[in-house]
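Asker: One structure, pasted below without further comment.
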Amino acid sequence: MAQLPPKIPNMTQHWPDFSSQKLSPFSTPTATAVATATTTVQNPSWVDEFLDFSASRRGNHRRSISDSIAFLEAPTVSIEDHQFDRFDDEQFMSMFTDDDNLHSNPSHINNKNNNVGPTGSSSNTSTPSNSFNDDNKELPPSDHNMNNNINNNYNDEVQSQCKMEPEDGTASNNNSGDSSGNRILDPKRVKRILANRQSAQRSRVRKLQYISELERSVTSLQAEVSVLSPRVAFLDHQRLLLNVDNSALKQRIAALSQDKLFKDAHQEALKREIERLRQVYNQQSLTNVENANHLSATGAGATPAVDIKSSVETEQLLNVS
């Protein structure tokens, strides 16, 4: 029994390109398939299975909090996902409930396809169920067995793609997005961009921390300067006073040294005078002795007394000096 493929929520932006790639070999326009439509109407359990599978896929592919990659196109995808869900729940169900009019009014199918087309194009997405239903309607009844085989292969292929989607779904999205004109980011490129942003943010944080540390050091140094500047000024004043005292002491030392030189010269002069007076005294004593001897020889007694008195006076003068 023919079954339509399940929905893949994460590939909503690439259904036009996906349908053109997967269904192009066997989507040749032919007569409407009445038998396929009647079998689809007679199987209402397929709809429940489709809804359960779509709900489970939507629950499995939600991005968790721990994911480190956040795509920049997430708001647009979320809006398109809501529109795609509303199309599946309301219009897609109404399309299958109206398939009982295929025998009576074949033109009604074209009208319904025309009505469903703008709704899908409003969100820039086309469901695989709609395109596959159109292909089933266009195939002749003679190709019913081949259609069933193609449906089974298509379901297996879609399910395998759904299983492989968490691992390499982004690469297939990039390949199909380039052909359909939609721009999808590569996860490696996203990681590289995020790493660059994080490194830039860390560098900015380090620069800000370094600047704040420099500002704190500058403020601390300014506070120390403001505290030590009065003490430095006081020490400068004391140094000036000490320099003045030092200069005065130097001048006094110079004066004292000059006085010492004068005193030394005066002492030398006095010593020379003492030597001269001693020599004079010795000469006078010798002359007096000679005179005394001469007088003693002549017999004059008064003159020796005078000579003795003069010699005593000279000795006193020498002792005083």
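Including glycine, each Cβ sits where the backbone N, Cα and C put it.
Found this in Swiss-Prot, in case it helps:
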type: COMPBIAS; residues: 110-133; note: compositional bias 'Low complexity'
type: COMPBIAS; residues: 145-155; note: compositional bias 'Low complexity'
type: COMPBIAS; residues: 172-182; note: compositional bias 'Low complexity'
type: DOMAIN; residues: 186-238; note: domain 'bZIP'
type: REGION; residues: 97-189; note: region 'Disordered'
type: REGION; residues: 188-207; note: region 'Basic motif'
type: REGION; residues: 214-235; note: region 'Leucine-zipper'
Asker: Near the region 'Leucine-zipper' (214-235), which residues from the same chain, at least 6 beyond its ends, have a CB less than 8 A from one of its CBs?
Answerer: none
Asker: Across the region 'Basic motif' (188-207), what are the DSSP residue counts per state (helix, strand, coil)?
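Answerer: Summed by class, the stretch gives 20 helix, 0 strand, 0 coil.
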